[in-house]
Amino acid sequence: MSAPASRLLLRRRLIDAGKKRVSREPYRCFSCSVQLAQQQKPRPKSPQDAPSTTHFGFETIAEQLKEQRVGAVFSSVASSYDAMNDFMSLGIHRLWKDHFVRNLNPGCNPLTSSSKQGMNILDIAGGTGDIAFRMLEHASTINHDAHTRVTVADINPDMLAEGKKRALQTPYARSSRLKFVEANAEKLDMIPDSSVDLYTVAFGIRNFTHKDAAIREAFRVLKPGGVFACLEFSKVNNSLFDAVYKRWSFGAIPLIGQLVAGDRDSYQYLVESIERFPSQTEFRDMIQEAGFLVPGQGWEDLTGGIAAIHKGVKPL
């Protein structure tokens, strides 16, 4: 084939190839290209699509996992609960609990009260009965009230089992004045509206997934004039003391948990949960936001703020 003929054949092949490309790739303006790209781009996930998270100590986990993991912790420590609180409070938790109950003065003294039915007390996260037994003892011996009754509610069956076992050593084990129920503090369906005189929670609320929901439930079940009372680990108000306490908490308590109970992880969670709990002012504000009236500054510090008592009153 001659050179001119070869060049002519190559030119025709190039023209044919160009036509094919044009037929396969129709022209699109810039705005059309942008629109197409936006249509093909996957829709970003909205915040509602993302699973809700919460904290488990210093770890961030899905909300639906917290109840299960907290349950595992307290199932693990149920039989050594007093020893656990001894470690966490340097042994002072028994004095705090005594002060908490004396301050609330449960019971209706027949000489000063017209009530013949006593008080209806709901003790939340009180599985082992520590607070309930003190309440009944105070009502009976100090206020000479044989009618005040306490319902102990706890989400953990192992803690309730421990409480029932301990109740056998008290006069209230087979009494109608003491009842144990398995219940979630965030949804107390079995408790009617405005039926409780005193709602207590001691060293429990920091483990709740939705603390605000639990406080709203407390408001719902309390009678007008009823009292919400919470005893919980809090924020130490002296920087030097705080440094010493944190060194003890994070350095010694998990190690003691490992040596005494063979369970370092549970004790590690417990000290971390204290650190993550709201400050005194933040927790007071949560109580107010639920509708409670807060007396005074809203809390009483115990032992320099290692723990605090918070109160709220349901308006009349």
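Backbone N, Cα and C atoms are what each Cβ position is placed from, and that goes for glycine too.
TrEMBL: automatically predicted annotations, no manual curation.
Less than 8 angstroms from the CB of Asp154 (S-adenosyl-L-methionine binding site) sit Ile124, Ala125, Gly126, Gly127, Leu160, Gly163, Phe180, Glu182, Ala183, each of them six or more residues away in the same chain. Positions annotated as S-adenosyl-L-methionine binding site by TrEMBL: Thr128, Asp154, Asn184, Ala185.
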Please compare the binding-site residues Thr128, Asn184 by how many other CB atoms fall within 10 Å of each one's CB, and tell me which has the fewest.
Asn184
Near Ala185 (S-adenosyl-L-methionine binding site), which residues of its own chain have a C-beta under 8 A away, given they sit six or more steps off in sequence?
Ile124, Ala125, Ala153, Ile155, Val201, Gly204, Ile205, Phe208, Ala214, Glu217
Just checking a number: largest C-alpha distance across Thr128, Asp154, Asn184, Ala185 for the S-adenosyl-L-methionine site, rounded to a whole Å.
16
